[in-house]
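Q: Take a look at this one; I'll ask things after.
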Amino acid sequence: MVPSPSNPQQVQQFLSSVLSQRGPSSVPYDESTKWLIRQHLLNLISAYPSLEPKTASFTHNDGRSVNLLQADGTIPMPFHGVTYNIPVIIWLLESYPRHPPCVYVNPTADMIIKRPHAHVTPSGLVSLPYLQNWVFPSSNLVDLVSDLSAAFALDPPLYSRRRPPQQTSPTPPSYDSSLTRPPPADQSLSRPFPPSPYGGGGGRVQVQHVHHQQQSDDAAEVYKKNAINKMVEMVHGDLVSMRRAREAEAEELLSLQAGLKRREEELNRGLKEMVEEKETLEQQLQVISMNTDILDSWVRENQGKTKNLVDLDVDDAFECVDTLSKQMLECSASDLAIEDAIYSLDKSFQEGVVPFDQYLRTVRLLSREQFFHRATASKVRAAQMEAQVAAIAGRLHS
């Protein structure tokens, strides 16, 4: 008999209340995962109404006791055309859902655990590949229970306990739900085991499995099962090793990818700087080409004037071709002449020939005049540059 399903609204209110509690009695789950835990349990109860969420005290192997959530009830197990109900308890440990839950088979007073079993220890602890290969956040409780049901259908973990022949009372013995199960036989895998919630009334679930099937297993069948279990363990070990190797390779590839990304950024930055430097050099090359053309023109025009150097007048050494050139020559000559005059005044003042006040008045007048000559030369130079560019552009278009 399957227990009646809980009211979904009551389950939601219960989970919301438990997961929102604060203080010493609150459940020790991470705040960022409480919503996901609530959703996992709601999906589980929706798919398997025979399971019920509860809170209970869980004692670790080191003696620590914590208040944890659990899914307590039965899961269906089809076997030889009949559906049986296997009582289980699914504990959500503190690290859930990043790590798998802890699953126990919870036999009632008239049930015994099959020994040996491929997935259930004598203490009732369940070990499945789904639990061992738990992946956050894709793994969930619904798929876990489905995997449990399929695994138990292939190899039932529980048998009905033989009843003494002298027992003739039709009324089943009562079972106190406050009693705890005996200590597990396997101390290396000992886990705290909660009390059985299935009392002696109509709510207790029994697995109607024929006990003599275990006795009918011959040596060949046992050897076959052991060989299959061994092969499964070997394959699982190989898969774990391969997964670790692939994860290490993936880490190396990610590190290499990050290094290549940094090098790509450095190359792009260097290429951008080279392009900018190339543009600057091209501009300088254009200026040098213009100056070279000007000097070549001047040399060609003045090649015949070098014959009579003895009678050459220094004022006639340079012949200005236009007004701008003549103005530039005059401004440059005046600028340099004033520079020489100021230099001579400096030496005269240092030697004490020129008084200080006369030195200051003369330098101030010469500096003002030199400023005007330099400003005029700067404007003339700009006008000459525009004329040269226009002339070169005209020659290129022609």
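Cβ coordinates come from backbone N, Cα and C, glycine included.
Because TrEMBL annotations are produced automatically, they should be read as predictions rather than curated entries.
So TrEMBL lists the following for this protein:
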type	residues	note
DOMAIN	18-162	domain 'UEV'
REGION	157-219	region 'Disordered'
COILED	261-291	coiled coil
DOMAIN	322-390	domain 'SB'
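Can you walk me through where each of these features ends up in the structure?
A: In the domain 'UEV' (18-162), the DSSP tally of helix, strand and coil residues is 38 helix, 48 strand, 59 coil.
Taking Cβ pairs closer than 8 Å, the coiled coil (261-291) reaches residues 388-389, 392 in its own chain, all 6 or more past its ends.
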Q: For the domain 'SB' (322-390), what does DSSP give as the number of helix, strand and coil residues?
A: 64 helix, 0 strand, 5 coil
